[in-house]
């Protein structure tokens, strides 16, 4: 028994020694392999970092080249090609070079394995020799492009996540549109702008959708359709290409000083119809009939989508306005940020950007929210900012808008060659161009006819032709189309959308100057100011409420509340009115006061001539200069057109700022001439 025990102990000792020796021999090998693997990983990370830097450098050089070419064009006064068209051309050239001239060797570590799963997981854990690695889903590719994907690492690097456009590049563009909106011309044409933006966009969407569905049916009959393409897909395509972006035309309009009303109609329509197109496209995606067939027509599902449209738009609108009001209150009384312009500008910037992200996080549409946030902040918050912050915010968002817009157009040109899943179908492309033309025509001409029935200042036929021609597609159409390219239908829509944007920016944008000459649309003449009868009744009511109550509460402008509220509300009025409002009472400035020059009783004083107007008309009282009789209507027109005048509304004295570039008053020269004759 003892011998057996001794033998067992001896065996265990030998076994332990063998295990120890084996482990000592194997540990250096494993450690060496692990060290080599870490070195390889670090090298790959360094190479990836260099590649990413080179890719970003490509876009920086694109923007730099675009800016230098813009300077050359402005210096030479070339108007046949806008900066966005230049950016697309440079993007196309770089895309060609990356696609065909630069070859990145295939990475031999890329391995294609087959795995049978029911769905594509967003995150995949792979066990490689006992080590787990995490992989994220990039998207679906066709079987024919597998080898091409492995051999074009650089092309994949310059392809951005579509969420980058929505969360980073779009917000400053949309906010700048609302923040820089010329309120006087916008509200003077508010009814027409709303009609074009809401009714016109919906009409255009359905006309394009119906026309494209006919093209899809034709493609299906002749066997040119390679996948599913439903009517809802056609409506979605109609919604995204109904978003206009006439940035090229508006830039030329601004340079040539074209009619202010035409500029306001085009700019106002493009600003609002972008928001409408975003909500409309999301409502179409949300269309979900009951049953197995999710693409059949069902009245209840359509009503539900319509309800989603109204709910999302109104919720986004309310959220944007609320954020703008909160920013105005923060900069009004609750803080003394005016003493620190840098902090004030930083808070303004962050509050503006957070509006977009908050709306998206809440299930609303950030485009609508940030648009109306910009309009609200321009109306209220801007008046509370320090002069330094006012200049900084204007310049900051103007710069961000310029860079973001040109970056997007450069990327458009690049994606024509770097996107891997293009589907170009000649029938669908030709049909899309015809459908876009018909949809734009159905938007402009019938609505203009109906609007002219109630407008005193008619939209002329030449203006209508110009609006028809200026329906360019741009950043919003591209961003909506690239956001989802997972299916065959969405890939075909994205490829066709690129061609539509290229054509409208290059051909329509480049021919703007020639079309202005063809339609005899020259520089704007004497600026016309609205009167009571020409202003919308709703806006007159809103203006009085805003001027008398909201402006004094949210800003340092507007009359003190003790002048507009009943006497019994005196303590409340003194509590809500800022001290600056009392200081500015004698020289009150209101950015909207020139929108409505008649409201009950208005008196305008110029020198020795006093022009009083009411709802019935106008009359002149006072002593004419030099005994020269002045017709009341002519005097009123001259005062409204040129003179620096004072506006008295319900006891409140308003000094209306006029542009320094306005021509001298004809009546003024007549007075000087008469004085010279009298002295002689």
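Placed from the backbone N, Cα and C atoms, the Cβ positions cover glycine too.
Cross-referencing 112-138, 193-219 with TrEMBL places the feature transmembrane segment at 193-219.
Checking the ranges 55-73, 226-244 against TrEMBL, the transmembrane segment annotation falls on 55-73. Looking at 254-280, 281-307, 308-334, the stretch flagged in TrEMBL as transmembrane segment turns out to be 308-334. Within the listed segments 164-181, 452-469, TrEMBL records transmembrane segment for the stretch 164-181. Using the rule of three or more Cβ pairs under 8 Å, pairs at least 6 apart in sequence, the transmembrane segment (488-508) is in contact with the transmembrane segment (396-417). Highlighted: of the candidate stretches 55-73, 85-102, 193-219, 308-334, 396-417, 396-417 has the greatest count of Cβ pairs under 8 Å to the transmembrane segment (164-181).
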